[in-house]
Every structure is written in C-alpha cells, then in structure tokens.
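Please read the structure below before turning to the comments.
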Amino acid sequence: MNRTEKILWGIALVGFLAGIAGLIQRFTGGHTVAAYGTYVPWGLWVAVYTTLVGISIGSFLIAALGEGARIRALQPLTRIALLTAFAALAGGLLAIWLDLGHPLRFWKLFLSTNPTSIMGWMAWFYTAYGILLLVLIYLQWARPTSPLLRLLFGLGLALAVIFGGAEGALFGVVSAQALWESALVPIRFLIEGAASGMALVLFLAILLGYLEPESGRFLRWTLLGLLLTVAVLEWSEYSTTIYAGIPTKVESLRVVLFGPFWWVFWIFQIGLGLVAPIILLAFLGERKVWLGTAGGLIAFTSLSAKLNLVIPALVVPELEGLRMAFTGPGLSFDYFPTLSEWLLAVWVVSVAALIFLAAYRLLPAEQARHA
Amino acid sequence: MAQETQTRIRALATRRAFLTRFASGIFASLIVPAVASGVLDQVEAAPQEGAGPAPMPELPEGMNGQHPIERMLQDLQRALQKPVDQRRWAMVIDLRKCVGCYACTVACIAENKLPPGIAYRPVITETRGTYPNVSRRFIPRPCMQCENPPCVPVCPVRATWKRPDGIVVINYDQCIGCRYCITACPYAARSFDSGYFYSDFEGGLPQPYESLPSPEYGENRVRRKDTSPVGNVRKCHFCLHRIERGQLPACVLSCMGRATYFGDLNDPQSLVSELASRPNAFRLKEELGTEPKVFYLV
C-alpha cells in the first residue's frame, strides 16, 4: 500500500467513525434528528444520493465507452472506473435507504412496483445496473477475454444513458415544483453525472499514479466539452426562467442565485465546479497536477448543483400564506441540514470510499490494453 | 336623587334582562339546530345495524328554510344509499363566511389525533390592499381530493390511490416514507409524520391523549415511535371514517361560521352541487388540471 492509499484510507476511516454518530442518531431519533419535514420533504441525503448516482453513471461511462465502444484511450481506466461506479452506487443507495421513513419496507419497491412512478422504475433500474456492475467486475477480473464483456458493456452503456436521464426525470416530471419541471433537467442530470463521474476517475487515476497520457488527454477534452455543455444548459434554463417570469420558478431561482446560500451557487457550483475547471482544463491541462485538480474540483463540488436543484424548489411555499398558516416541527420553509444530517452524509460517502479502497486493494486495477 | 337611582337600577335590570335573553337566544339558535338534527348524539354514538336515519325533528319557528347541517346530513345519507363508485364527495368553503377561528383545524387535529407539526386543514390568512383599503380573508386548505391527483402516480409502491368515491387515501402499512408524493402535491396538502410527540416538548413523559387511537381509515391505530403512521406521509381524507358512519367531517361540524359544506357532487339535489355550480365558485390552481373537489365561494 503506497502513501497516497494510506492517506485515503485514513480520511475514509475518520469520516466513517465520525459519521457513526449521525447513524446512531438516525436510528435512535428517527427523522426528528433531521431538518427536513412536511414543507421541505427532501434535503441533504437526497442531494447526496443523486450526486453519488450521477458519479456512478459517469464512472461507468468511461468503462462502457472504453470496452463497449472500443475507445482505446479509456481502456486503461476500465477497472478503476468499474470499481468507482460500484462504490458510488452503493453509497447513493445507502443514502436514499436511510432517507426512507420505513427503510425496512424497501422490498415493497420490488413486490408492489407502481408502473406509473419513475421512482418505482428506478428501483428496477438500480437493481439491473447493480447486478450488471457485479457481473462486469467478475468478468473483468476473472475472465477478461470473455466475449460477453463487450456485449454487456454495450448494454450497460444504453442502460446508463437511460437511467441517468431517468434520475433527472424523477424531478423533471413534478409539475408542482416549478424549478424541477423542465425537459432540461433529465439532460442536465445525465451531463452533470457524466462530468462528475469521469472527473472522479481522472482524479483517482492521477492520485493513485497510473494515468496514461493518452487517457489524460482524452478525458481532458471530454470533460471540457461536458462542462461547456453544462454551462450552456444552465444558462438556457436560468435565462429562460428569468425572462418568462413565472413567479414560483423565478422565486426558486432567486433563492439559488441570491438567497441565503448564494455562495453554494456562485462559489461552489459556478466558481469551483465550472469556471475554475474549465480554465484549468483549457489552459493548464497538459500537467497532471492541474488535470487532477480540475477532476477533483468537478467531482467534489458536484453536490452543490444537486443541492441547488433539490432544495430551492421546495423552500418556496406552494400557496402564499402557508408559511404562517400553521406552525410546528417540520412545518418550515427554511432548510439547513442538521449536524446529524451532515454526519450521516459524511458516513455514507466514507462507506462508498471504503468500498472503493477495499475493492482496489483486493482487485488489481492495472490492466493490459486491448490489442 | 334616590328616585333617579331607582330609575337607573330598573333600567339596568331591564337592560341586563334584555342582554341575558338576547345571549340565550343566540346560544339557543346556535345549539338547537345541532341538537335537533342529532349531530351531538352522532359524535358519540356508534351506528346501529339496521337502524335507518333518525327522523329529522322540526326546526324552531322563525328559522327559514332547511338548516344546512340538516340538509347535508340528508344529502350524506342519500349518497350512502348509492354504490360507492356513484358518489363523488366534495367540499365547498364559503370564504365570505370564514372568520379565521381555526376551529376546523383544531377539530381535525382532535378527531384524527394528529401529532405536533401535522395539520390536515391549516387556515391561510391572506391580507390584501393597503390602508385604508385593506381586506383580509381566511382560506382553509384541506386536501383537494383532486380528480387527477398528481400525488398518486408518483408513489413507487402504490401506497396511495383515489377511491371510487374520489377520496385520495394512504395505506400506512404500504407507505415506505419516500415523500415523493409530498413534492408532487401542488397544494402542500400532504404531511410527513417525522415522529414527534407532544410529550417531547412537555417533559418527555407520554401524555395520555397521545395514547388514544386515531380513527383514521377505521383502523384505530395507536401512534407509537417506529411504527406507522410515524415515518409515513399523512393527509386529509374528508374524515372518511365519519362519512361511512353517516356523519359529516369534523371540520364541517365545527365551523361556527357555517362556511364549510360537504356532500355528494354526483347528486344534483345536494347542497354542495348547488353551491359548487355558482358563478362565484373557484378552485385553487385550476390551471394545473388537477380538478380539485374543494370549491371556494367568494
């Protein structure tokens, strides 16, 4: 185990141990330990879940494009991408499982699936995707020459695109939340997810010391293209919203841009998550250190985009005057995660990191390039 | 001087007598219709098998027309004779009569044994204009029992659905608490039961009233930590358990301004059909196409 790995293990273990306090509070205090409730029913854990699932899709795309679409530059990253995809998926599902009011009833998602619910479909998508990842991991390490691999990667590529978009559609179809209801949301989820997952793999590959120059170049320009697409999509969404002036949607957007957490948007989402990486990739991407920095910035600030989608839509009252109509715990339109929520989020991310590190230790990620 | 005092005392006595009679009259006019129509009895008494609707006693002289409570009860009983899929329960709220007393909110909480932070029927206060042209109105907001409820199709486990009579209900044992339906409701009419108890704010000891079973959906559940409905989404159901017993929803009965009406929209003779078809009736967010079955009169 090299020094970098040891540091990563240390960080993950500290996060895991600190986060246990949040886990204990979640199980002993139920949902009363969280700041979400009736008016803001989804909070930090939902944002973490969507972020990790997006990262999983983006990571998987590297493997699927390398092996399924035979993009040679990405093939050396197949294994690390698969492990990242699996670990991120596990973390994302853990986050949303703990967010459920009745986590032990999750099996109803399979036995009583509502075919009209995107969330119902997502349960099956995740299952299919998770099984596919496990099969691919097995084949990649045990039978790397199996002809099934390319077929499954091709299938996975289609599945990742479909359910990457479906993840966004889960929000996009909710007409009651003006900020969510947009045909751009599924596309944004897909592109943002692709960018964050690819960026994390790039970051890890550089950190763990086996990024090949060809892979680096390919990811550099791919990420730059994805980030510019994200910028165009966000500009389209926000400028049309402001111009159209639909009150509730404008109000939600005002919360994003100029609300109490404006810095999440301007500093994290735009500054560190978009502008800085674009500059680094465009002008300094030749050097690994800047390439890795750009990757890390994109990956670690991806939570801010999800926070800015999930929460501002919910903090605007559906009916004027509802804020003061009745008061009590959970009846607030102001949301900021509690310490328990933060700790549990740290725990979930640490679990995902530990899964990755353990898998990385057990399964050698070095891989021969296809002929 | 003494004569003047005697005159004042007599005048005062006469005024007192007048006020006493006047107050008694008002009180009687409020209570008599309820007593006369058997409403108070119904709150306590369980329905008797085979017993038909109680005959309606005559109303006191001087009260013109049929009392709305009496009429709504007749509408209700007529509707209950029909198959369930031929009923379409609706509510009409006359905003001109609502005085913002919150009696309906409280009655609903008491009826359904709701915990802290959950109100199926909050009352929104809306102030318009600037001084001196200011008006204030109160808008009670129960569940709209939409004809096209956006909360139903999003539920991943089919835990919520629209009954044949139009009431949107939740199966607490099926609900996984994902809260997707809350985000989908454009009226914020769904609540998440996070698990708070009044005793959490009153020294920690369980309060006796928190151990009372809730009659919701006729299930008589006693609310405990970690069991449904804690961890579930909850909502107004027009007091379905009362309707099925031939009783009006708690909010309708408790409305002291007689601003809330309830009945079968499929019955053209019903009071709600008559009121909902008036030109001054409107529904919240009609542009969404949810077709609420709660109408407001302005």
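Any Cβ shown, glycine's included, is placed from N, Cα and C.
A TrEMBL annotation is a machine prediction, not a hand-curated record.
Marked as transmembrane segment by TrEMBL: A:7-24 (among others).
What TrEMBL lists as transmembrane segment is A:44-65 (among others). Under 8 Å from some Cβ of the transmembrane segment (A:44-65) lie the Cβ atoms of residues 34, 71, 74, 77-79, 81-82, 84-86, 88-89, 91-93, 95-96, 98-99, 129, 133, 136, 153-154, 156-157, 160, 163-164, 167, 189-190, 192-201, 219, 299, 302-303, 306-307, 309-311, 337, 341-342, 344-345, 348-349, 352, all in the same chain and six or more residues away from its ends.
Annotation source TrEMBL lists transmembrane segment at A:77-98 (among others).
Here the transmembrane segment (A:118-139) has long-range neighbours at 60, 63, 82-83, 85-86, 89, 93, 109-110, 146, 148-149, 152-153, 155-156, 159-160, 162-163, 166-167, 169-170, 173, 359, 363, meaning same-chain residues at least 6 beyond its ends whose C-beta is under 8 angstroms from one of its own. Residues annotated as transmembrane segment in TrEMBL: A:118-139 (among others).
The transmembrane segment annotation in TrEMBL covers A:151-175 (among others).
Among the features that TrEMBL reports, transmembrane segment is placed at A:187-211 (among others).
Annotation comment: TrEMBL describes A:218-236 (among others) as transmembrane segment.
For A:261-284 (among others), the entry in TrEMBL reads transmembrane segment. Remote same-chain residues near the transmembrane segment (A:261-284) are listed as 199, 220-221, 223-224, 227-228, 230-231, 255, 290-291, 293-295, 297-298, 301-302, 304-305, 307-308 (criterion: CB distance under 8 Å, separation of at least six residues from the stretch ends).
Annotation comment: TrEMBL describes A:296-316 (among others) as transmembrane segment.
Marked as transmembrane segment by TrEMBL: A:342-363 (among others).
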**OP:** Run the contact check on the transmembrane segment (A:296-316) against the transmembrane segment (A:77-98): 3 or more C-beta pairs under 8 Å, excluding pairs closer than 6 in sequence.
**Re:** no
**OP:** Spell out yes or no: are there three or more C-beta pairs under 8 angstroms between the transmembrane segment (A:7-24) and the transmembrane segment (A:151-175), with each pair 6 or more apart in sequence?
**Re:** no
Original post:
Any residues 6+ beyond the ends of the transmembrane segment (A:342-363) with a Cβ under 8 Å from its own?
Top reply: 1, 5, 8-9, 11-16, 18-23, 25-26, 44-45, 48, 52, 79-80, 83-84, 86-88, 90-92, 94-95, 98, 137, 141, 204, 208
